[in-house]
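As written in TrEMBL, here are the features:
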type     : residues           : note
BINDING  : C49, C53, C80, C83 : Zn(2+) binding site
ACT_SITE : C49                : active site, nucleophile
DOMAIN   : 96-192             : domain 'HTH araC/xylS-type'
ACT_SITE : C326               : active site, nucleophile
Amino acid sequence: MEQMEIRKAPLDADTVAVDSDTAWAAVIARDKAADGRFVTGVLTTGIYCRPSCAARHPKRENVRFFASGAEAAASGLRACLRCRPDDVSREAAALRKALRLIETAETPPSLEALADAAGYSPFHFHRLFKRATGVTPAAYARGRRARTMTEALADGASITEAMYDAGYSGPGRFYAEAKDRLGMTPSAWRDGGRGETIRWAKAETSLGIMMVAATAKGICSLTFDQEEADLRARFPHATIEEGGDAMAGLVERTVAAVEAPARPHDLPLDVRGTAFQEAVWRELSRIPPGESLSYAALAARAGKPGAARAAGTACGSNKVAILIPCHRAQRGDGSPGGYAWGLERKASLLEKERSA
């Protein structure tokens, strides 16, 4: 087929500042999380599509990436009738309205109220929201309340002040959710773990001396090159003690997970973060062992296209190295990026996975 003439768009370069390799990978994977971040222009057919379009993939040399459907249209392309890429803008606007409502409401809005504000039926909106953010509207709202709660407690607010600042109408739901989110009571968290017990143990691994710490709920820390003093600094009023024989089974299973990172594990974890952090951690666990994903692509999959730096920060906030595999994240140019426990360990983990 003869290639059509494209106005304004140079044929020797992409027209938007987006990592081309990452964008093309999203197209090949038909990654729905990348929809709305850019559109794919196909020069031989004269159309532009969502990254997730189900049509047969074009040749890479015939593709150009545009920041929006408007840019693609200005270059002479027309919207694909199969995937309707311009509908993404309507969906993005609807999501912005819903997120703004969640962030500003004194109490979490109902699904019906959010759907009405977004202009969709509750069923359609629920699917749209989860596809875009990786969590349900209710889970997102709980994450937002938890973030407000922890910030208030960290600033020295009383339990009652933190409860109402976060939008809880009464203590019942507040204490139930707080214990789940924090791994301890709100007063214990505010007071640096007062009244809680965190047990730790060390073990030799091929990556060096591993230190694992756990609450009664599960593993809250897996580190290398750290000491008991580091745990005490985070929870100065908690009871920090060696786990001894009581932790032997958990330590043995954790060492096995470290030595065979490609193998799924069922270790109990006690980790909590913001809705976005938890979405990033879920996506990290979905990356096939031995493979890597850029921070930009990770952010898109977690529901925040363009938030590569925030995705990197979420990886850095991961307190259970290897069990949540942040070693599978890298920079957009293919370089390894950072790793709290050293790039040599990061490379070793990926090599272990590739050779499994």
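Backbone N, Cα and C atoms are what each Cβ position is placed from, and that goes for glycine too.
Features per TrEMBL, on structure.
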{"residue": "C49", "record": "Zn(2+) binding site", "Cβ within 10 Å": "26"}
{"residue": "C53", "record": "Zn(2+) binding site", "Cβ within 10 Å": "21"}
{"residue": "C80", "record": "Zn(2+) binding site", "Cβ within 10 Å": "21"}
{"residue": "C83", "record": "Zn(2+) binding site", "Cβ within 10 Å": "22"}
{"residue": "C326", "record": "active site, nucleophile", "Cβ within 10 Å": "29"}
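Those residues of the chain, other than C49, C53, C80, C83, with a C-beta within 8 angstroms of the mean position of the Zn(2+) site C-beta atoms are T40, I47, Y48, R50, S52, A54, A55, A79, R82, R84, P85. Here the CA atom of C326 (active site, nucleophile) lies 31 Å from the CA atom of C49 (Zn(2+) binding site). C53 (Zn(2+) binding site) and C326 (active site, nucleophile) have their C-alpha atoms 29 Å apart, to the nearest angstrom. Across the structure, C83 (Zn(2+) binding site) and C326 (active site, nucleophile) are spaced 33 Å apart at their Cα atoms.
For the pair C326 (active site, nucleophile) and C80 (Zn(2+) binding site), the C-alpha distance works out to 36 angstrom.
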